[in-house]
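Chemist: Pasting the feature list from TrEMBL:
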type     : residues  : note
TRANSMEM : B:36-62   : transmembrane segment
TRANSMEM : B:100-119 : transmembrane segment
TRANSMEM : B:131-150 : transmembrane segment
TRANSMEM : B:171-190 : transmembrane segment
TRANSMEM : B:196-218 : transmembrane segment
TRANSMEM : B:230-253 : transmembrane segment
Amino acid sequence: MIHAAEGGAGILFPIWQEMLIGAIAFGLLCFVLIKFVFPRMEQTFEARVDAIEGGIERAERAQEEANQTLEEYRRKLATAQEEAAAIRDEARADAVAAKEEILVSAREEANRIIAAGHAQVEASRQQLVRELRSEVGNLAVDLAGKIIGQRLAGDADTTATVDQFLTQIADETAETSGAR
Amino acid sequence: MTDSAIVLAEGESHFPPGIHSFDFADWFSGLSETALAHMFTTITMVVWATVAILIVFFLWAYRKPQIVPTKKQWMAESAYGFIRNTVAIDLMGKKDGVRFAPYLATLFLFIVLMNFWAIVPGIQISPNAHIAFPAMLAVLSWIMYVWVGIKQHGLAKWLKITVVPPGAPAFIYPLLIPIEILQNIILRPVTLALRLFANMFAGHLILLVFILGGFEMLNSSNIFIQGLSVFSFAMGIAMTLFELIVILLQAYVFTLLTGMYIQGSLAEEH
């Protein structure tokens with residue numbers, strides 16, 4: 001037919017009816033695939049990329065969070081250890097201070113007691129000396145009066161002599177008490 | 001009646017195959033003398049079957065797309081993703097690639113399946129062995145890259161980019177510009193159409209030669225020649241496998257070149 005009628009070159013001339021059919025058929029195919037199928041594929045590709053990237057991102061976020069928590073715990077632990085050490089040191093210092101204080105107060109108390117004892121002893125001695133002085137004086141005067149007579153009683157010179165005599169005694173007593 | 005119809009009717013030998021082997025009779029003989037001639041033939045039936053198979057497969061496979069694809073969804077995605085990634089995005093980059101990938105993928109799938117009929121038993125003719133179909137596709141590719149170029153740059157600038165080779169001295173323009181016009185505007189669709197058509201035409205002819213030749217030898221009265229027909233059939237099978245490579249390759253080449261022409265229209269320099 002066409003080919004035969006136009007010789008061998010006829011095969012190079014397209015049959016317009018076939019071109020028309022081809023164009024309609026291909027147009028229909030393009031319409032359906034380009035409108036309904038391939039855009040959805042692109043959407044799926046994007047969703048897939050999102051899903052994968054989102055998963056990685058989520059994992060990274062979780063990892064970071066875990067690291068942060070770990071870091072925080074470590075920090076807290078370190079702080080707690082430091083605090084414990086500080087408390088321990090403080091307690092130790094407190095104990096030492098308390099010990100010192102007790103010792104100091106005890107020493108003071110002891111000194112005070114000793115001092116009080118000394119003072120009391122001294123006071124007793126002074127009292128004794130005073131009592132003795134007057135008594136010994138009286139005794140001596142009485143004695144002397146008895147020995148040398150009534151006249152001598154109340155004479156001033158005699159009193160001075162007695163005092164001198166007593167001072168001498170006191171000095172001797174002091175010497176003996178110092179040697180004691 | 002057509003020549004081939006006469007041949008079929010009289011039951012004569014088809015050998016040797018020739019251009020008459022590419023004539024297919026109208027299914028309704030009453031249409032032969034009208035404008036509807038050639039519209040209802042094995043060829044057009046195969047074209048419709050191609051379109052129907054692709055539409056049904058893709059709509060079915062992509063009915064409920066999921067993040068983790070099913071097997072059929074994966075197959076559909078691979079078919080699209082192959083052209084999208086290796087042709088469209090490789091040539092034009094991510095943004096323009098994704099824009100033109102749907103057309104290029106449709107083009108590729110259409111040509112592959114149209115070509116594939118060349119080795120489907122019982123059909124063994126590709127519509128692309130009729131130049132009407134490659135010509136139609138080439139015209140579409142031409143319209144597309146011209147349209148994209150004009151839309152991207154404006155008519156004057158696109159023409160300049162396309163027909164004025166950069167870096168050439170001005171005195172050589174009278175020589176170069178006609179060559180560039182011929183090459184970039186006129187011959188591109190012609191070579192696109194002829195390459196695909198000629199491959200499918202030749203493939204069909206080669207298969208006919210070996211298979212019909214085998215039958216011819218088998219019908220011979222000479223027992224020796226009858227025995228040799230085995231080799232002819234074996235060659236027919238080998239050529240069918242070879243044809244499979246041509247089918248895929250030519251579809252890929254057509255798509256790749258269309259992609260390159262579009263990319264050339266998008267680019268600033270050609």
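Counting starts with 1 at the first residue shown.
Placed from the backbone N, Cα and C atoms, the Cβ positions cover glycine too.
Could you give the neighbours, burial and distances for every feature on this list?
Modeler: Same-chain neighbours of the transmembrane segment (B:36-62): 24-28, 72-73, 75-76, 109-110, 113-114, 117, 123, 125-127, 130, 133, counting only residues six or more beyond its ends whose CB sits under 8 Å from a CB of the stretch.
Away from its own ends, the transmembrane segment (B:131-150) comes close to residues 47, 103, 107, 110-111, 114, 158, 161-162, 185, 188-190, 192-194, 196-197, 200, 254, 257-258, 261-262, 264-266 of its chain (Cβ-Cβ under 8 Å, at least six residues beyond either end).
Long-range Cβ contacts of the transmembrane segment (B:171-190) within its own chain (Cβ-Cβ under 8 Å, at least 6 residues beyond either end) map to 138-139, 141-142, 145-146, 162-165, 257, 261, 264, 270.
Outside the transmembrane segment (B:230-253) by six or more residues, the chain places 108, 111-112, 115-116, 118-119, 126, 195-196, 199-200, 203, 206-207, 210-211, 213-214, 217 with a CB less than 8 A from a CB of the stretch.
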